[in-house]
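Worksheet: the structure to be examined is printed underneath.
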Amino acid sequence: MGTSVFYVVAALSIFFSLMVIFSKNPVHSVLYLIVTFFTFTVHYILLNAQFLAVVNFIVYMGAIMVLFLFVLMLLNLNKDNEPSKSNLIKVVGIIAGCCLVVTLVGSLKATAISNPLILKNPDLGLVKNLGKELFGPFMLPFELSSILLLTAMVGAVLLTKKEKV
Amino acid sequence: MDISFVIEKFILVAIIFGISLLIAMYSTYAERKVAAFLQDRLGPDRAGPFGILQPLADGVKMFMKEEIVPANSSKWLFMVGPGLAMLTACIGTAVIPWGSAMTIGGKVIPLQVTDINVGILYIFGVVSLGVYGVMIGGWASNNKYSLLSAIRAASQNISYEIAMGLSIIALLLVTGTMSLKEITEQQHGWHWNVLYQPLGFLIFMVCSFAETNRAPFDLPECETELIGGYHTEYSSMKLGFYLFAEYINMFVSSAVMATLYFGGYNYPGMDFMAQLLGPTWAPLFGTAVFFAKIFAFIFFFMWVRWTIPRFRYDQLMHLGWKVLIPLAIANIIITGIVIAFLEKF
């Protein structure tokens, strides 16, 4: 049953991510992106990673996407005031897209050789086990990444503050 | 997964859904009666004895009204908005333990739909999704007041979510588990979490007022500035859904507060009652106690609404970012130090 559910959800993920690109209205794009993130949450649940699933749900769907939507609504973009794109940008876009395709094809070829990773402990994604892993063997990288996030936050606050002369 | 399990859960879900709708319905009546009481009026008293049929009459009125979809609005999203508000309001009840396991004819039935081990985070996730109904509806209306309201709702929701999450972290330090069932079981008798986390409870409660858009935090529907806010353009049952979702949200957050901080279905002297009533009726009595706590919270929500005036927007942001978040962080630090101290000695 797990595999068939996976294929259905994976097809939905791809469909909605395509809709993100193809929809003309930026607000519709963000809404499709929210649905895409929801399908990712389902993927995490299928992998028995409950904590990751619910954190993806809260952080991406509940917080980051609300901010995206907030900014788009504040700008209130629509077709009339959107600047027309020059040909140069289109050419650059095509080149960048081709580079991405080459990279993706190359990495997909490499996966054919590698063996799928099988977890020793299938319950690794549960909160208790994940916490023990993060605060045990992976203590240093975990704390370092939290400092990285804090730095970004301090930087953002600093940028918004006007200098007092 | 056998068929009796599916039937059992289905019945439980149907009952909880029905009860949420019923309570939301009579919350509208209770709100008007409480408002009348606080303002020394009578309140609705025409439909039925004491106006008890008023919610039904209101429901019929909502269904019968003409439905208007504004021109140049996004039709599909205009419809999705209220539906989403209703959906996110209802799914929160799935992880709340309504009572201890009940024994009927030798069969043990847990009075909880599902006990996932990230229960608190699930509730938190549902709360954070709640704003989408307001945002989508407000944007799809193609009205500048609705749009302003949607933007307000988004920033308010995000701001108070942080303080709410931090107050939950302090609670998790005390309980050591995220499963709502285990948290309730730990509060056996009178060992309620509010005794260990009074400040955390206060922060959580203020944030739930903000997350449910209740006064004094109902800035998204501030009539003096924004007409009706996000539901300015809505009419008929779509408007009804928005209003209804607010009352369901109020019910769910009251249930969450009662579960996390006020012992859920636990009450002093429950062991004595368990012996007296037996394994079938004692859990039901516990559930009744739980509902009494929920009703007390709902009354408190209404009491505050008719007592405290609405904040100004800058005051709202000031309270959220400069008062509640530092307080919540201080609460985490103090809780951590006390727990470390107690473990040492």
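Backbone N, Cα and C define each Cβ position, glycine as well.
Taken from TrEMBL, the feature transmembrane segment applies to B:6-26 (among others).
For the transmembrane segment (B:76-99), the residues of the chain that approach it from at least six positions outside its boundaries are 13, 16-17, 20, 69-70, 110-116, 119, 122-123, 126-127, 129-130, 132-134, 136-141, 180-181, 184, 230, 233-234, 238-239, 241-242, 244-246, 248-249, 252, 255-256, 259, 264-265, 283-284, 286-287, 290, judged by C-beta separation under 8 angstroms. Look at TrEMBL and you will find B:76-99 (among others) tagged as transmembrane segment.
Summarising the annotation, TrEMBL assigns transmembrane segment to B:119-140 (among others).
Outside the transmembrane segment (B:160-178) by six or more residues, the chain places 117-121, 124, 127-128, 186, 193, 196-197, 200-201, 203-204, 206-208, 210-211, 217, 260-261, 320, 324-325, 327-329, 331-332, 335-336, 339 with a CB less than 8 A from a CB of the stretch. Residues annotated as transmembrane segment in TrEMBL: B:160-178 (among others).
Sequence-distant contacts of the transmembrane segment (B:190-210) (same chain, at least 6 residues past either end, Cβ-Cβ under 8 Å): 156-157, 159-161, 163-164, 166-168, 170-171, 174-175, 183, 216-217, 253, 256-257, 260-263, 266-268, 301, 304, 316, 319-320, 324, 327-328, 331, 335. Look at TrEMBL and you will find B:190-210 (among others) tagged as transmembrane segment.
If you look up TrEMBL, you'll see B:239-262 (among others) marked as transmembrane segment.
What TrEMBL lists as transmembrane segment is B:282-303 (among others).
Cβ atoms under 8 Å from those of the transmembrane segment (B:323-342) belong to residues 160, 162-163, 166-167, 169-170, 173-174, 197, 199-200, 203, 206-207 of the same chain, restricted to positions at least 6 beyond its ends. Residues annotated as transmembrane segment in TrEMBL: B:323-342 (among others).
Among residues of the same chain six or more beyond the transmembrane segment (B:282-303), those with a C-beta under 8 A of the stretch's C-beta atoms are 23, 27, 30-31, 34-35, 38, 98-102, 111, 209, 212, 214, 250-251, 253-255, 257-259, 262-267, 270, 273-274, 276.
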